[in-house]
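Feature annotations, reproduced from TrEMBL:
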DOMAIN    174-286  domain 'Peptidase M20 dimerisation'
Amino acid sequence: MTNRLSAREILDKLVSFPTVSHDTNLPLIDWAEAYLGSHGIATYRHPHETAPDKAAMFAHAGPDVAGAVVLSGHTDVVPVEGQPWSTDPFEVVEKDGLLFGRGTCDMKGFDALAIWAMVEAHYAGVRRPLQIALSYDEEIGCTGAPPLIESMNKVLPKGSAVIVGEPSMMGAVTGHKGGTGFHVHVRGFEVHSSIMHTGANAIMYGAKLIEWANEMNAENMAGQPGELDAVFEPPWTTVHVGMIEGGTAHNITALDCRFGLDFRFVPGDSSEDWTARARAKAAEIEAEMQAVVPETYIEMKEFFGVPALKPEEDGEAEGLVRRLTGDNAARVVSYGTEGGHFQNAGYSTVICGPGDIAQAHQPDEFLSVAQFEAGQAFMEKLIEMLKG
Ligand SMILES: [Zn+2]
């Protein structure tokens, strides 16, 4: 495999691998490694810590020096089950200027451009290096990025500016909220409701924690947004309960109540701080329950945590994308990305990728040919810049 593929041919190849988050992504990683390797680019693999059928990969093109521009993408896609697709989701089908297929928009379009750009940069003899980082498990809580970044930093000269290619219509996106979600389990004690004072109703104690969420939302809304936070809509941290279940019958105090408790943080707030506050409130409610029935408890299990991407002052990555795209609009988004993880690891980070987030995760997901071409033009300019 020494032929040089077009970006479009690479996209066709990537979409053909059904890398849904709960399935393997190894065929895609194998292929990308073999393709880059066939052009003389050394690649590195980071195996998943617990799932042997998943891996991340990264590579470096150009001189062996620090300061690379890093192209960051995820290889996993969301499921297609239950979605009415008019075409085979794992084949790129072009129709009326649109490229249909699962992941064309989110985000194999960018992945394809990044792989293409690595080969171009390699042959162009860039003076400033280009790196690629392809992760797993982004769609299930951005959990693949931290081990990938750690692994990269052990092997490659450290890059300085990261472009996360989530769909932004090739505009510069400089910030997003962070998120943390908990599965809450309140374990109560069952008695006949006529003597409820001797039991512990898990639903009614759980409701106290939910009411705390309401209070926090009202308090946050009434507060003055910080300078970093004012650009978000809404410009405050929100706490949300979207699912709840519990109870056995109307005349039994509920033994169990389970619900989700999700935070979306503005950059000025920290996940640690809000997590601590939620846990403190749960502990307070738990103490009340245990005063009645000692074996009751409240358990909070974190099931995802995505750090916010904070808009940077004179950020290098932002400056670079603005120079290459001419886009000067201030823009933040409401979806989470791996960008916050890179930023926390010391990289200047910006989001810029082809396609509209509105098409992500949809049946008949598509990326327009025009956006894909705009993405390729961006990569060409980037390589010119790296040639210095
Ligand atoms: Zn994505």
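Indices start at 1 and increase along the chain as displayed.
Backbone N, Cα and C atoms are what each Cβ position is placed from, and that goes for glycine too.
Just so you know, TrEMBL annotations never went through curation; they're auto-generated.
The model shown is predicted, which means the values in this text are computed figures rather than measured ones.
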Quiz item: How do the residues of the domain 'Peptidase M20 dimerisation' (174-286) split into helix, strand and coil according to DSSP?
Solution: 43 helix, 32 strand, 38 coil
Self-check item: Average model confidence [pLDDT] within the domain 'Peptidase M20 dimerisation' (174-286)
Solution: 95
